[in-house]
């Protein structure tokens, strides 16, 4: 889960990392009220989960409340890299002497953690890496030892914090590491971490990615959920306990096990080349041991996508029994018909493995509209691509 800037700063403050005072506004009047309370110059910043806000006009300085309201009016509703702005952060402006970059992240190549930093903050780190890679400091972190005062001091020195703020930099680095560990994050980034004219260090912007697999340890994470920022189908699937990712094609794909589903995506895309570039519309893994209820929920999610022109259900029965999958398909159709929904999307079903014969018999007996059974994966992919192309 990626956090908005204001949410990231909330976590920073909880772990002792200094931030500027600020509040979130959803309309210009709220922005003006916040600016009055803060007093002085403020910055009005679009809250979207992407970079490039400044270049897109999503960050504006305001000298007073009226200017803050005008800035909020200009920013709210704009689209930045495909993300609509629904709220802004109004925060105190500061005079900057220097900008730094600091981050902790998962280093997948080493199967451990990594500290990164640079004295060239304030721009996207990818740009620094491309133009001046030697300006980026990388310090591996032993997962069993973490970041103590000695290592934090080494990182601060490598980045190049001056003596006047070195101790504060060490304290902030340890606070960010604490946030990284305590919150089960895969990324904690401050860009920029600024040194002010009076030698204070402040996190002016922040990015945090939380590991969704650790949600069970953090029941309070629900407060970070933002329905306006989530794909409604992905949110619906997550609520049903399904692993669903929306893609940009026309063929809905349902399978059991991530490996099989990914292979199915490849086979569908390959077959789709013959039919004008037909592609998968989603990844949906119903998991091992899926019940009829889970299958029904998955099919309901996929059929709710208006981009889907055909659906491929590809199941190799192991722990997941094929007859349970078949009952789920029947249940999904019954529920949709009972709700008055028209089922005009064809389904291609390939069942193999545990209780496949029983599953195929259940589907044959149900005589569901527009459901075809196919024996092999390749034939199923070709047929679903053909049907999707015909329905374009």
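Numbering starts at 1 and runs along the chain as it is shown here.
In case you wondered, yes, glycine gets a Cβ from its N, Cα and C as well.
Here Swiss-Prot has 318, 319, 320 binding substrate, and the candidate from 256, 282, 335 in that same listed site is 256. Sparsest Cβ environment among the binding-site residues 94, 319 (other Cβ atoms counted within 10 Å): 319. Taking the mean position of the Cβ atoms of 256, 318, 319, 320 as the substrate site, the remaining same-chain residues with a Cβ inside 8 Å of that point are 257, 287, 288, 289, 290, 315, 316, 317, 321, 353, 354. Cβ neighbour counts within 10 Å, taken over all protein chains shown, single out 205 as the most crowded of the binding-site residues 99, 205. For residue 99 (ATP binding site), the nearest neighbour among the binding-site residues 191, 318, 319, 320, judged by Cα separation, is 191.
In the predicted model, residues of the domain 'ATP-grasp' (9-236) average a pLDDT of 94. Counted within 10 Å of its Cβ, the other Cβ atoms near residue 256 (substrate binding site) come to 28, all protein chains included. The number of other CB atoms found within 10 A of the CB of residue 191 (Mg(2+) binding site), across every protein chain shown, is 23.
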